[in-house]
Amino acid sequence: MTVCSSRLAGFGHAVPDRRVENAEIEAQLGLETGWIERRTGIRCRRWAMPDETLSHLAASAADMALSDAGIERSDIALTLLATSTPDHLLPPTAPLLTHWLNLQNSGAADLAGACTGFLYALVLADGFVRAQGKPVLVVAANLLSRRINMAERASAVLFGDAAGAVVLAPSAKANSFQSQFITNGSHYDLIKVPAGGSARAYAPERDASEFLMTMQDGRAVFTEAVRIMSGASQNVLASAAMLPQAIDRFFPHQANIRIVDKVCETIGVPRAKAASTLETYGNSSAATIPLSLSLANLEQPLREGERLLFAAAGAGMTGGAVLMQV
């Protein structure tokens, strides 16, 4: 087969069993009933139990995607894991996935692209499929509950745990695939885990809160996320000479309902075409798009020829958009 493009061949997702309703967090933070939903659109999120690991959640989503694709596991040539919460700083977690999933001929690498991680992995996977003619497993997973600082309201109300996965396979059809990324490192510190890296390494005297997530300026995050997601989406649509009305389904990063609404308004994609899993699963960073994609495919299977738009923005600040055809 002459490989002309890549195609979405399989979808998977996984979430922990534990449901954390807003009432539990509102009581802990001393917030009035309904405060979280009014400001974020979130009603519930999933948090992992202490004995659950990122690798287990990622493997569950990946196993579902591989089964859905119906591709021999020995054919998978590369496994990419987008995560901000790997099992360990070293070694990477992706090789463990390939071991558990019996992907004997697959390379493996972790990607740290924050909320945009899945899009970076998707673009790299597309390039690999086109160059090598072999399928790639892309997984995005996070256990953000392990990084929440319950003393900081801005981040405590948003984040959940989830995993999503897709298999990208070679296609003889010339399916459209366009991408655009935007980075603004001047806002590098808007969302961060202050310590734990080489700049501020672990030391016993450091306060435990330094190893948890902090987001001190929610307004600036909102403004920058909308700018990046909207700008990247508009650029990728312009590159494809496509009007926003031609998009069949829009999969925005599920950061906050206000961000999703504003991006839809700005780029001109009808809100009804935008996936919405935020209410039930919260913000799981890079995992939100493949989670939404897998759930949407279960509810209403993707049809050949559909045009999909993905957009994300997150810590760094970094973000982007991908336009692809099923």
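Glycine too: its Cβ is placed from the backbone N, Cα and C atoms.
Of the given residue ranges 29-33, 229-233, 249-253, 254-258, Swiss-Prot assigns the label region 'ACP-binding' to 254-258.
Under 8 Å from some Cβ of the region 'ACP-binding' (254-258) lie the Cβ atoms of residues 39-42, 115, 158, 222, 225, 275-279, 281-284, 288-289, 292, 313-314, all in the same chain and six or more residues away from its ends.
Neighbour density for C115 (active site): within 10 A of its CB lie 31 other CB atoms from the protein chains shown. A simple way to gauge crowding: the CB of N283 (active site) has 27 other CB atoms within 10 angstroms, across all the protein chains here.
The two recorded residues, C115 (active site) and H253 (active site), show a Cα separation of 7 Å.
Taking only the Cα positions, the spacing between N283 (active site) and H253 (active site) is 8 angstrom. According to its DSSP assignment, N283 (active site) is in a strand.
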